[in-house]
């Protein structure tokens, strides 16, 4: 007998409505496009904030992911991509469950071949800077919603939820 499928995001909202009310469970606004083969993913959150620069993102993705989700606060920039096909492939190979980019990605066709979940505002062909500017492991604000290093993230085709605690049965 196989394991039961994870709860859908809508079901989580229903089952944990009290956590929505008290702010421990926070849905991200519906501004993200879905990329990658894994439409459903979840994991422990690691945060990075960088503006039109992906050096710190590359450093994280080079590490073993251990099923975590990298949340990148790209400040909502639509002027350069933070993640491309090579980084998505490396993240997949290093065991990351997913990447959420509050900004853009590129190499969409390559990313869509990867067994990883990726969410981003959109695609844009211009590559990012390489100065190494940014901060790691800090609270970030993604489209108005606070996400902290160490939170839990759950995503499916209906949306993205961030929780202060790991949700049982999900």
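Note that Cβ sites are derived from N, Cα and C of the backbone, with glycine treated the same way.
Listed features, source TrEMBL:
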| type | residues | note |
| --- | --- | --- |
| BINDING | 84, 85, 86, 87, 106 | substrate binding site |
| BINDING | 107 | Mg(2+) binding site |
Which same-chain residues, if any, lie at least 6 apart from residue 84 (substrate binding site) yet have Cβ under 8 Å of it: 105, 106, 107, 110, 111, 127
Remaining residues near the recorded substrate site, that is with C-beta within 8 Å of the centroid of the site residues 84, 85, 86, 87, 106: 81, 83, 88, 89, 105, 107, 110, 111
Cα-Cα distance maximum in Å, computed over every pair in 84, 85, 86, 87, 106 that the record assigns to substrate: 10
For residue 106 (substrate binding site), the number of other Cβ atoms found within 10 Å of its own Cβ: 21
Other C-beta atoms that fall within 10 angstroms of the C-beta of residue 85 (substrate binding site): 17
